[in-house]
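Contents: one structure, followed by commentary.
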Amino acid sequence: MAVERTLSIIKPDAVAKNVIGDIVARFEKADLKVVAMKMVHLSDEQAGGFYAEHKERPFFNDLVSFMTSGPVVVQVLEGEDAVAKNRDLMGATNPKEAAAGTIRADFAQTIDENAVHGSDSTESAAREVAYFFSDEELCPRTR
Ligand code: RTP
Ligand code: MG
C-alpha cells in the first residue's frame, strides 16, 4: 500500500460540540499523521467552490449554509492508504447508517450535519489539499 495524503474537515457541528480533539485522536490512533492544519470560518465562495461538484444537487444551498455556519478545522492527513482509511474512520455519509464506532456514528445525528469531510479518491485529495493549502504549508514528518 502506498503512503497517501487526504483532506479532512472537522465540520461546524463538531467544532461547536467541542470534539476537535476527540476526532483528531481517532486519526492519530489509526496512524494517520497531521501534516497541515488550520481553523477557518469559510465564506460562501470558499464553501461553494469546495463543494462545486454538488452545485446542481438539491442539498447544495443547505450544505453551503451549514459549512459557513461556524469555523471548521481543515487538515491534511498522511499515511498508508490514507484516503480509504479516513473514509472508514468517518463512516457512512448518513450517521444513521454509519457503522458503530465510526466518527459519524459517535459525533453526528443527521446527514446534513455529519461532523467530518474526507476526500473520496486520491484525485479529489490532490485537488482538495491544493484548494486549502500551499506547498509551503504542508509539513513533511521527518521524525
Ligand atoms: P463529504 O464530501 O462531506 O465528506 O461527505 P460524503 O463524501 O460522505 O458525501 P457527499 O455525497 O460528497 O455529500 C457531501 C455532503 O452533502 C450533504 N448531503 N446531503 N440530504 C442529502 O441527501 C445529502 N446528501 C449529501 C452531506 O452533509 C454530505 O456530507
Ligand atoms: Mg464527498
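Backbone N, Cα and C define each Cβ position, glycine as well.
Per TrEMBL, the features are:
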type	residues	note
DOMAIN	3-140	domain 'Nucleoside diphosphate kinase-like'
BINDING	LYS11, PHE59, ARG87, THR93, ARG104, ASN114	ATP binding site
ACT_SITE	HIS117	active site, pros-phosphohistidine intermediate
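Locations of recorded TrEMBL features on the structure.
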residue : record                                          : CB count, 10 Å
LYS11   : ATP binding site                                : 22
PHE59   : ATP binding site                                : 12
ARG87   : ATP binding site                                : 18
THR93   : ATP binding site                                : 12
ARG104  : ATP binding site                                : 24
ASN114  : ATP binding site                                : 23
HIS117  : active site, pros-phosphohistidine intermediate : 19
Starting from the Cα of HIS117 (active site, pros-phosphohistidine intermediate), work out which of the binding-site residues (PHE59, ARG87, THR93) are within 10 Å.
ARG87, THR93
Relative to ligand 1, which of the binding-site residues PHE59, ARG87, ARG104, ASN114 have a Cβ found under 6 Å from one of its atoms?
PHE59, ASN114
Give the three-state DSSP assignment (helix, strand or coil) for HIS117 (active site, pros-phosphohistidine intermediate).
strand
Give me the largest Cα to Cα distance among LYS11, PHE59, ARG87, THR93, ARG104, ASN114, the residues the record lists as binding ATP, in Å as a whole number.
21
DSSP helix, strand and coil counts for the domain 'Nucleoside diphosphate kinase-like' (3-140)?
64 helix, 28 strand, 46 coil
